[in-house]
Amino acid sequence: MKKHNFSAGPCILPQSVLKQASNAVLNFNDLNLSLLEISHRSKDFVEVMETARSLALEHLGLQNKGYHALFLQGGASMQFLMTAYNLLENKAAYLNTGTWSDKAIKEAKMLGEVVEVASSKSDGFNFIPKNYTIPKDIDYFHCTSNNTIYGTQMDGFPTTDVPLICDMSSDIFSRQLDFSKFSLIYAGAQKNMGPAGATLVVVKEDVLGKVTRNIPSMLNYRVMINKDSMFNTPPVFAVYVSMLTLKWLKELGGISEIEKVNKQKAALLYTEIDRNPLFKGYVAYKEDRSIMNATFNIVNEQLKETFDSQVKAAGISGINGHRSVGGYRASMYNALTLESVQVLVDVMQEVERIG
Ligand SMILES: *Cc1c(COP(=O)(O)O)cnc(C)c1O
């Protein structure tokens, strides 16, 4: 039987998507060729790329609003550098909410001045800073919507006149937002979309072309836009599977429908974490809790072994916390079912009973 996969990333994908993806590896579109052995310039693959890009914009409600959707390589980590390369002329502001923001800041500092408007670093990133001021004389403001490692998530986003850039790697397509507030959104595929290897970048036309530096082709959004994400050979499999997942999401009714399920899953688990005296959440304030990644600890370390073995026996996989935080982390991405969360909650209750 398939495990209940709570892995933080790479992570669970819809079973139907995995089946179609495996078929395409053997025989893609009834061509009697593998998806992996045809030209990326072939009509069949170009259509995959076009569909993936247009579905991404459609889900975000950004069609015909001056945005380009790109599928690039190098992971979200490459975007830490690429955003700065393309948009940072003098000064940018960053909100530091976790390891990923911290890394983005480090890259941006190579290209200009960086103002850290607020940080929760000294508290182990266990909350989202609020009431910070965004300077006016900056090229953009960068934030991370969901902090995969710590289990915090931004609820509101600042209203500002400067371009907003957001790393949405671990919560893209999971909840409805006014995505038109953002000038640039990026997300590595492997958390809610597909296999590692592709990164979605959604960039608004009007923020480009403002820096004076020379930008190497592979780091240049303009080049990627002009070449329809095919400047060089794209990660064909990762793009194909991402397309399948975006189709799957559309058939389910889109972000607004999946958001309902995601909220149910999160409510089920957090209610148990709060109720069960054996467990304690990692995040300091309830309003900062992520609906994607729930982090928690077991209060009585002596019961850890019992819990771990019950977890294993129940077919639950991937709930160990990130090595920098410890404890547990249950990631509840789009493809994870409410039933899987119920199985975890049942185990938590069982350990309370026998403990
Ligand atoms: C996983 C993750 C990253 C890093 O993604 P890579 O594709 O491995 O570079 C960056 N930001 C966030 C929020 C993440 O969850």
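Cβ atoms here come from the backbone N, Cα and C positions, even for glycine.
Of the residues proposed, THR148, THR152, THR212, THR245, the one TrEMBL records at the same pyridoxal 5'-phosphate site as ALA76, SER77, TRP100, ASP167, GLN190, ASN232, THR233 is THR148. The 6 Å Cβ screen around ligand 1 retains SER77 from the binding-site residues ARG41, SER77, ASN232, ordered by sequence position. Secondary structure at ASP167 (pyridoxal 5'-phosphate binding site), as computed by DSSP, is strand. Between the two most distant C-alpha atoms of the annotated pyridoxal 5'-phosphate binders (ALA76, SER77, TRP100, THR148, ASP167, GLN190, ASN232, THR233) there are 30 Å. A distance of 9 Å separates the Cα atom of THR233 (pyridoxal 5'-phosphate binding site) from that of ARG41 (L-glutamate binding site).
Secondary structure at GLN190 (pyridoxal 5'-phosphate binding site), taken from DSSP and collapsed to helix, strand or coil, is helix. For THR148 (pyridoxal 5'-phosphate binding site), the same-chain residues lying six or more positions away in sequence with a CB closer than 8 A to its CB are ALA8, GLY9, GLY98, TRP100, SER169, SER170, LYS191, MET292, ASN293, HIS322, SER331. Computed over the domain 'Aminotransferase class V' (5-344), the whole-number mean pLDDT of the model equals 98.
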